[in-house]
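J.: Heads up, here are the entries from Swiss-Prot:
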type	residues	note
BINDING	Thr10, Gly11, Ser12, Ile13, Lys37, Asn123, Glu125, Gly214	NADPH binding site
BINDING	Lys124, Ser150, Glu151, Ser185, His208, Ser221, Asn226, Lys227, Glu230	1-deoxy-D-xylulose 5-phosphate binding site
BINDING	Asp149, Glu151, Glu230	Mn(2+) binding site
Amino acid sequence: MQKMVILGATGSIGASTLSVIEQNPEAYKAFALVAHKSVDKMLDLCIKYNPSIAHMVDPQAAAELQRRLPAHMAIAVSSGEDELAAIVALPEVDCVMAAIVGAAGLPATLAAVKAGKRVLLANKESLVMSGRLFIDAMQGSNAKVLPVDSEHNAIFQCLPEPAQQAIGACDLAGAGISHILLTGSGGPFLTSDLDSLSQMTPDQACKHPNWSMGRKISVDSASMMNKGLEYIEARWLFNATKEQLKVVVHPQSVIHSMVQYKDGSVLAQMGNPDMRTPIAHCMAYPQRISAGVEPLDFFKVGQLSFLEPDFNRFPCLKLAIDACEQGQEATTVLNAANEVSVEAFLAGLIRFTDIARVNEYCLSHVEQRSLDTIEDILALDGLARRAAQERVAKL
């Protein structure tokens, strides 16, 4: 029985993870559930899954949860960053699902890595922000990091076994790999008139044609910033160069990514667009378990199409690729600016097309400095957020 900590238990990845646990109750136990402040959702999860620990980032939410839990349930309720770092490092913890959205997920994810845990990485921002520090921590602790994002999980499945065992230090060329082909659907605005993009609403941006996701990642998909963040994540996970990484627009989301080999072969991982598949793969690797997902019906798939990304339509993707080339400081600034600009768009404060403008402004105006510690990263993250907030206020 593997005991799991689920960071971001009340989110979409958390729900999918718990669904896979339900499919395999003899093998997995939700040992600790972690959320920000969604007390109602956490209460329901506690009653259903009876974890040993329920942790709320927000202290007031933790106090409310403690009051509302049935008296007969022996669930320890906690709050605070230090307490969370201690939870993921507990000796009885076998596996940590890192699914807290955004920069907020970095400290706990890094704590799990430093504790040498098996970490299922769904928080791409951890690598986007901390890059080399994250990889060094992983290698220094012998933590096993497995990628949950459907694209990176697909790439991982298409790699030869020695490369799978060398996450963060892969020798792609030595493994006979010429390119990693990172696929993305293009989101809901792939064929929209360019002049109409400035008028798109948050609800329109969140109507992804294939995937069911949270609102922040849905907007990132609409702008293809999500693919840009995944590009940066792939650079670190697979030790890839700019020449080895390519983005391919694939509207059907059937092929989740591909690996191209020097002999002309291309290996692709395919499946229905359901996050339970990569989650189950990571939970059981190198074995396979039931995910509760219907198998792909090739007779219903129909046409598969592929396009080059249009940077006029998706300027955020270009910003991310360029930031990745510039280095860790630029990707940290970009991630922070994007979180602020997307939040502002969802709140109705700026237009959809302003997201890229705010991000570009911060990349060119925030003073970048060397990032040697997690404190350096969080300080630069704070600077970029303030710059983005000031820019949003002027739009």
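Just so you know, glycine gets a Cβ as well, placed from its N, Cα and C.
As the structure is a computational prediction, the values presented were derived from the model and not from experiment.
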J.: With a 10 Å radius around each C-beta, find which of these binding-site residues (Gly11, Gly214) has the fewest other C-beta atoms nearby.
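T.: Across Gly11, Gly214, these binding-site residues, the one with fewest Cβ atoms within 10 Å is Gly214.
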J.: May I have the list of same-chain residues other than Asp149, Glu151, Glu230 whose Cβ is within 8 Å of the Cβ centroid of the recorded Mn(2+) site, in sequence order?
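T.: Residues close to the Mn(2+) site, other than Asp149, Glu151, Glu230: Lys124, Pro147, Ser150, His152, Asn153, Leu182, Asn226, Lys227, Glu233, Ala234, Ser257.
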J.: Taking the Cα atoms as reference points, how far is Lys124 (1-deoxy-D-xylulose 5-phosphate binding site) from Asp149 (Mn(2+) binding site) in Å?
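T.: Taking the Cα atoms only, Lys124 (1-deoxy-D-xylulose 5-phosphate binding site) lies 8 Å from Asp149 (Mn(2+) binding site).
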J.: Please report the three-state DSSP label of Glu151 (1-deoxy-D-xylulose 5-phosphate binding site).
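T.: DSSP call for Glu151 (1-deoxy-D-xylulose 5-phosphate binding site): helix.
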J.: Return one of helix, strand or coil for Ser12 (NADPH binding site), based on DSSP.
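T.: Reduced to three states, the DSSP call for Ser12 (NADPH binding site) is helix.
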J.: Expressed to the nearest Å, what is the distance separating Ile13 (NADPH binding site) and Glu151 (1-deoxy-D-xylulose 5-phosphate binding site) at their Cα atoms?
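T.: On Cα coordinates alone, these residues lie 15 Å apart.
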